[in-house]
Amino acid sequence: MGIKGLTKLLSDYAPGCMREQKFEGYLDRKVAIDASMHIYQFMMVVGRSGEQQLTNEAGEVTSHLQGMFTRTLRMLKAGIKPVYVFDGKPPTMKGGELAKRKDKREAAESALEKAKEAGDQEEIEKLSKRTVRVSKVHSEEVMKLARFLGLPVFEAPCEAEATCAALCKAGLVYAAASEDMDTLCFSTPKLARNLMAPSSQEKPILEFDFDKLLAGLELTWDQFIDVCILCGCDYCDSIKGIGPVNALKYIKQYGNIEGLLEHLDKEKYPVPDDWPYKEARVLFKNPEVVQTDGLTLKWTAPDEEAVVAFLCGEKSFNEDRIRKQLADLKKARSQGGQNRLETFFGAATVKSSTVGKRKEPEKGKGKFGAAGGKKSKGVTKRKF
């Protein structure tokens, strides 16, 4: 789910923390990718027709493999170095959110049956996406494929996006890539969205800078977490009716949730019973993650025969097509001779542009007295 309304809040009150980048601008970037979230997305959209998912001759779902294979090769061709991180066991506090998702999925399944009886194809298309389940087998299959493609792979002890953030904070990757905005709550220095979007959509990568975010909102990390809890997160309920704008206003005014609760009109804004906001803070501040001390990341050339044996031998993909895609990758990475190889493994530069619906506030002042983030000055040197 992420954080409700956070993207718009940042666009309005800290636009300097956001910038668009071309996909090709991530040349030589090492990026930790929330693979579990993207598997779910691929199973919803790749090869889907009505309620039918992409399957092989044996009836096994292959949407996740097709999606990950295609997107991974696109990144490798562009000189991007992905690291795939998969969800481990969800934190106990997420149980309530997971139960809600289960209820919604079951309600969608019931509504889907009615839509099929009525022959409503539009409803069938919409509701079938809400019934998608990602199994342990699906994740293990993508892990296997990623390893055959020569990528570093991790199964996080808990939330994948928390480990992505930890890898970024340790300087092992340039950014964490996820569509979930709660990745910022784990204080990842950089968050990249749209990295796995299909090339046909021509979406630029939307990059968030955490330091500029805090500067733009004039908040500490602790205060930002409190704002996100009030907006609505996966770990606990929020106070209904407050919303993102008031959440920012009240935390800036009262300092933290405790200060807000002392002044809040509880008849207008009823506080959830036994509200575990303090426990939610701990999960964001001290999550279970892969240990990064002494950790090194290694990429190798794809094992073509292993990829073919798995995708074609086990999953009935078209061998000619898979070999052609792998040959195209090899060609792309060697194009231009030695100069191209040096570019892939060496340094480069990108041009940045500020993104936001509103202009940067004058003299560094935003709403509620918040200082606007500084605009980028153009060229940024690569570090990873």
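In case you wondered, yes, glycine gets a Cβ from its N, Cα and C as well.
In Swiss-Prot, the region 'Interaction with PCNA' annotation falls on 337-345 of the listed ranges 265-273, 319-327, 337-345.
According to Swiss-Prot, Asp87, Glu159, Glu161 bind Mg(2+) 1; the candidate from Asp34, Asp209, Asp211 that the record adds to this site is Asp34. When Asp226, Asp234, Asp237 are compared with the Mg(2+) 2 site residues Asp180, Asp182 in Swiss-Prot, the one appearing in that site is Asp234. All chains included, 28 other C-beta atoms sit within 10 angstroms of the C-beta of Glu159 (Mg(2+) 1 binding site). Mapped onto DSSP classes, the region 'I-domain' (123-254) shows 71 helix, 15 strand, 46 coil.
The two recorded residues Gly232 (DNA binding site) and Glu159 (Mg(2+) 1 binding site) have their Cα atoms spaced 17 Å from each other. Put simply, Asp34 (Mg(2+) 1 binding site) is 16 Å from Asp234 (DNA binding site) when counted between their Cα atoms. Long-range Cβ neighbours of Asp87 (Mg(2+) 1 binding site) (same chain, at least 6 residues apart, Cβ-Cβ under 8 Å): Ser36, Ser139, Glu155, Ala156, Cys158, Glu159, Ala160.
Asp180 (Mg(2+) 2 binding site): 20 other CB atoms within 10 A of its CB, across all protein chains.
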